[in-house]
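Chemist: Handing you a structure now.
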Amino acid sequence: MKNEKVLLIEDSAFTRRLLRGMLKDLGFQAVTEASDGLEAEKLLKLHRFDAMLIDWRMPRQDGAEFLARLRAHDNPVTAATPAIIISAHVDLALLQKAATLGAQSVVVKPFSLQVLKSHIDAALARPIDRAVPDARSGARPAAQPEPVAVPEPGPAPEDDAYEVVFL
């Protein structure tokens, strides 16, 4: 049983239900759901989370807008919460934007339980120093995205390797 608290931000009720089940299968008991970035912002004012799964394309406030606001927030704990982007439509622009906004990784939907586990484990194991303001000046360090691997077009491989993109 895992004590970490996960915030799941996804506009599709069906996908939220599916991901909640996957998180439960991985041992996460504390999963809170939000249907968009605006709802998630309200939850972050009330609760602390150890990681977030954020859908990139949502109405009202999408994943990019939410993550930009979160990283600009003056609460260093909230601003440094690990973020994993989930999206069915991933391109180089999304990967670059997600990296610039301080996401730990991008997962291409649909994905397996093992892929989800690897992303969450990596996010929880790797602190985000780049998103926390400098204590003396209050300025945020410039994001230095790490190289990303983008799958080449063509037939999907036999395993889940093409689904994993760490930033």
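Cβ from N, Cα, C; glycine included.
As annotated by TrEMBL, domain 'Response regulatory' applies to 5-124. Taken from TrEMBL, the feature 4-aspartylphosphate covers Asp55. Annotated region 'Disordered' per TrEMBL: 135-159, in sequence order.
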Chemist: Just to be sure I understand, if DSSP states are collapsed into helix, strand and coil, how many residues of the domain 'Response regulatory' (5-124) fall in each?
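Modeler: Taking each residue of the domain 'Response regulatory' (5-124) in turn, the totals are 58 helix, 26 strand, 36 coil.
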Chemist: Name, in the order they occur in the sequence, the residues of the same chain whose CB lies under 8 A from the CB of the residue listed as '4-aspartylphosphate' and which sit 6 or more residues away.
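Modeler: The list for the residue listed as '4-aspartylphosphate' reads Ile9, Glu10, Asp11, Ser12, Thr15, Asp62, Gly63, Ile85, Ile86, Ser87, given in order along the sequence.
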